[in-house]
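Colleague: Right, I'll just put the structure down here and ask away after.
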Amino acid sequence: MQSVIAQAKRIVVKVGSSLVTNDGKGLDHDAIARWAAQIAKLRGTGKEVVLVSSGAIAEGMQRLGWARRPKEIHELQAAAAVGQMGLAQVYESQFGRYGIRTAQVLLTHADLADRERYLNARSTLLTLLSLGVVPIINENDTVVTDEIKFGDNDTLGALVTNLIEGDALVILTDQRGLYTADPRKDPNAEFVHEALAGTPELEAMAGGAGSSIGRGGMLTKILAAKRAAKSGAHTTIASGREADVLGRLAAGEAIGTQLLAPTGRLTARKQWMADHLQLRGRVIIDAGAVEKLTSGGKSLLPIGVVEVQGEFARGEVIACASPEGKEVARGITNYSSAEARLIARKPSSEIESVLGHLNEPELIHRDNLVLV
């Protein structure tokens with residue numbers, strides 16, 4: 001088995017908090033120096049690298065003299081604002097030793113949910129890569145709340161991979177990779193060297209939370225790999241404690257767990273729809289509509305809609321769920337939630353008489369729909 005990183009041209013590397021901080025006591029400058037050296041080495045082989053780095057909140061806690069991670073959202077936001085300054089300074093200094101420019105890019109999931117902002121972020125990152133710059137990406141924790149409370153940079157790494165159509169995502173952690181069970185509790189736990197991303201059994205294997213400094217456990221990494229696979233990107237989960245781990249992966253050495261993408265890339269438009277993390281609404285559809293969407297490749301017609309949930313406008317991305325509540329697809333709606341409630345369970349021929357106008361005969365056209 002050879003590392004998929006060897007053939008990858010464009011790589012997103014995610015480094016967790018525990019690998020860039022001194023056990024939460026501010027940034028570990030020596031560790032960051034090693035990451036800069038390894039990424040500079042990758043750049044020397046012709047690979048493009050985007051770095052997703054945690055550590056801002058931990059650095060802010062150190063600068064503010066806080067020993068424990070606060071629970072108040074505004075205190076977390078303040079720590080992120082203070083710490084982001086130090087994070088950018090250290091990376092700029094360390095990469096500068098190799099003549100490499102860096103760029104700070106702070107994103108929120110909302111940036112990637114809006115189509116125009118999504119395309120702007122994509123264009124900016126691709127331009128930076130073409131200029132030989134290494135983008136350093138982090139969540140903009142200072143202006144968001146849900147992401148600090150529930151989010152993680154594993155997910156952000158997958159979103160960025162899809163955004164720039166990366167070939168591979170490398171998630172570096174303080175664990176060796178994925179085991180069939182928690183090796184600390186189960187002596188029969190076996191290491192998983194390679195598997196297909198999105199395999200349901202993987203989520204059952206993963207579990208447990210991260211450290212008190214970081215937020216992500218193994219499950220978030222498995223889900224990130226599943227998301228990255230939708231754009232055809234392979235994921236490697238490996239220990240950042242391994243010496244020269246990036247260089248060895250790029251040389252083809254199999255380190256950690258490889259989660260391979262089972263399918264090819266989605267189109268850019270459908271990838272954008274699939275990457276929405278926060279949807280304004282969803283429709284419950286009947287079993288017949290589920291079958292037509294998932295097996296027949298058909299559009300969603302109003303007659304197949306059983307219930308409309310949430311409030312949304314025409315042109316927004318909404319979820320389509322089975323009668324049991326499982327999301328099966330998502331897409332761009334041709335009608336608002338108020339209009340959808342009026343035309344639900346009705347044939348398309350009655351839309352105009354009910355609403356007084358006809359946008360489209362479909363609630364969601366198949367060209368604007370992606371299966372999940």
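Cβ atoms are placed via backbone N, Cα and C, with glycine included.
Residues or ranges marked as ATP binding site in Swiss-Prot (evidence: sequence analysis): Lys14, Thr173, Asp174. According to Swiss-Prot, the substrate binding site annotation covers Ser54, Asp141, Asn153. Residues or ranges marked as domain 'PUA' by Swiss-Prot: 280-358.
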Colleague: Rounded to the nearest angstrom, how far is the Cα of Asn153 (substrate binding site) from the Cα of Asp174 (ATP binding site)?
Modeller: 15
Colleague: Quick one: pull the CA-CA distance for Asn153 (substrate binding site) versus Lys14 (ATP binding site), whole Å only.
Modeller: 7
Colleague: Determine the most Cβ-crowded residue among the binding-site residues Lys14, Asp141, Asn153, Thr173, using a 10 Å radius around each Cβ and all protein chains in the structure.
Modeller: Lys14
Colleague: At a 10 Å cut-off from the C-beta of Asp174 (ATP binding site), count the other C-beta atoms across all protein chains.
Modeller: 14
Colleague: Kindly report the helix/strand/coil residue split of the domain 'PUA' (280-358) according to DSSP, in that order.
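Modeller: With helix first, then strand, then coil, the domain 'PUA' (280-358) has 26 helix, 23 strand, 30 coil.
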Colleague: Among residues Ser54, Asp141, Asn153 annotated as binding substrate, what is the maximum Cα-Cα distance? Answer in Å.
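Modeller: If we measure all Cα pairs in Ser54, Asp141, Asn153, the largest is 11 Å.
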Colleague: Roughly how many Å separate the Cα of Asp141 (substrate binding site) from that of Lys14 (ATP binding site), to the nearest whole number?
Modeller: 17
Colleague: Need one number for the ATP-binding residues Lys14, Thr173, Asp174: the maximum pairwise CA distance in Å, whole number please.
Modeller: 12
